[in-house]
Amino acid sequence: MYAEELLSALPLKRVIGPMPTLIKDIAIDSRIVEEKSLFVCIKGDTVDGHEYAQQAVNNGAIVIVTERELVLEGDVTQVIVQDTNRAIGLLAAKFFDYPSNELTMVGVTGTNGKTSVTGIIHNLLQSMGERSALTGTIGFNLNGILYETANTTSDALSTQQMIFRAKMEGCRAMIMEVSSHGLALGRLAGVEYDVAIFTNLTHDHLDFHGTMEEYGNAKGLLFSQLGQDLSKNKVVVLNADDAWSKKYAMLTQFPIYTYGIKDETAAFRATGIRYEDGMTYFTLHSPEGNYDVSMHLLGEFNVYNMLAAIAAFYGRGYALELIVEHIAELLPVKGRMEKVQSDLPFDIFIDYAHTPDAIEKAIDAAMPYKRPGKKMIFLVGTGGGRDKTKRPAMAEKASRCEYVVLTTDDPRYEEFDSITGDLAKGMTHENFACIGDRAEAVRHAVSVAEEGDIIIFAGKGHEDYQIIENTKYPHSDTDIALEEGRKKFNL
Ligand SMILES: CC(=O)N[C@H]1[C@@H](OP(=O)(O)OP(=O)(O)OC[C@H]2O[C@@H](n3ccc(=O)[nH]c3=O)[C@H](O)[C@@H]2O)O[C@H](CO)[C@@H](O)[C@@H]1O[C@H](C)C(=O)N[C@@H](C)C(=O)N[C@H](CCC(=O)O)C(=O)O
């Protein structure tokens, strides 16, 4: 792209040096700068991109966008702006020619349920023969190939790059998990959403947002940023059973489709929920009448997730009959109350729950499968160096199970004992063990399981690794549990 044209995205700037003709690429990481690139120095939480400007120049950057004049060697032009974080959003959207305008963009925000709702929508679109891309906690899924991403909601540059790639590969829609960090840090700058969905808001990430109020306000940005162009067919989907929805409704003038189980005014409502033979059944009440829905996904929280997806499809003009038909075929989202197929005499569920609310919902979901007189064993971990205030509340929720194993998710640099010790403060009974080493903890959970019991392994979900200090080690709750279980029952 012509440098002049690209930099026209930044109206307030001071340019030092001659303007080159062409810019071939944009980068924010000095380690992966290509020839004739523009490098934007981003001040991070742990490091400052300004420190790496020289490395970027050495690797081929010809323009540096910076917040202060830097001493740099080589043929390089400096563009000084007030806020590089804001600049990268503007530049990235311009460089990739605002790709979100050409796709149906779906953003899903909320504490829990983002991965499930995005997964459900993506899978339903695929089953109807429509090409869509998916981004979130599991990475970037483009035409069935999964690319790793650093965050649930990636930085502004990666976000625009991914949308552009989806467009170039013929996708018609892009379904994105939208985290509160992503919204608060401007990672979604320039993304024009057509569908904005809210799942729920419960305790999480208070280390970053400070208060629930701030956390909720950050999520509200998804709705307030939909704009005012009512000629566009934008759709807002809100959970009528969550009080935050009333606030979000006030942030936008686009049509709102509510869903829920408790609130009788919800436009899409489920009643008569029952769980039988690994299936969930409910009656869907909709503006177009009632439908019987059957699905392989388990638990009340998945009924909420499905209602959110149904409301979104309806809002975009899909026939409910068709959607209900496809829902019956849909398989569970990986690592979200996923029942492990095995020949073991007890049931294993894998779930990503890592908030008090999600733990409660995971237990609720498994409860219909609990056999009389048998135990439910819950293994719960939490990440190191992150929101510590939620830990006791997580263990308190897990205490509903007869036996609890307290462990770690990604301990990072925090001591195992510090994590399990915080969790233990919330236990309401004595039937628990603190085992920081997660592999050991999984083996222990299996060792106390008897025929007919249920074990829920929470916290890692689809993840196949564990981060200890700054290294990713391979780890699979499922593999360890199956191996230990077979050994125990001589299978
Ligand atoms: C606190 C936080 O959000 N940190 C994010 C932040 O990292 P950071 O501030 O430390 O910045 P950095 O990557 O160290 O460096 C700053 C700049 O210097 C550059 N740099 C750095 C090193 C170098 O050699 N050369 C170089 O140019 C970097 O490319 C970057 O441009 O910027 C990184 C790049 O965008 C993110 O990956 C990183 O997320 C970390 C991994 C993280 O854990 N974030 C969490 C808190 C988060 O965002 N979570 C949400 C919510 C998930 C949920 O809902 O559960 C998410 O969306 O993932």
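A Cβ is built for glycine as well, from the same backbone N, Cα and C atoms used for every other residue.
Quick look at what TrEMBL annotates:
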type	residues	note
DOMAIN	23-94	domain 'Mur ligase N-terminal catalytic'
DOMAIN	108-312	domain 'Mur ligase central'
BINDING	Gly110, Thr111, Asn112, Gly113, Lys114, Thr115, Ser116	ATP binding site
MOD_RES	Lys219	N6-carboxylysine
DOMAIN	335-461	domain 'Mur ligase C-terminal'
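Close to Gly110 (ATP binding site) in the fold, though at least 6 residues off in sequence, lie Val117, Ile197, Phe198, Thr199, Asn200, Leu201, Lys219, Asn239, each with a CB less than 8 Å from its CB.
Under DSSP, Thr115 (ATP binding site) is assigned to a helix (H, G or I) in the three-state scheme. Predicted-model confidence for the domain 'Mur ligase central' (108-312) is 95, expressed as mean pLDDT.
Excluding Gly110, Thr111, Asn112, Gly113, Lys114, Thr115, Ser116, which define the ATP site, the same chain contributes Val108, Val117, Glu177, Thr199, Asn200, Asn305, Ala358 within 8 Å (Cβ to the Cβ centroid), listed in sequence order.
In the structure shown, the C-beta of Ser116 has more C-beta neighbours within 10 angstroms than that of any other entry among the binding-site residues Thr111, Ser116. A 10 Å cutoff on Cβ-Cβ distances gives Thr115 (ATP binding site) a total of 23 other Cβ atoms nearby, all chains included.
Its own atom aside, the Cβ of the residue listed as 'N6-carboxylysine' has 23 Cβ atoms within 10 angstroms in the protein chains shown. Helix, strand and coil counts from DSSP across the domain 'Mur ligase N-terminal catalytic' (23-94) read 24 helix, 19 strand, 29 coil.
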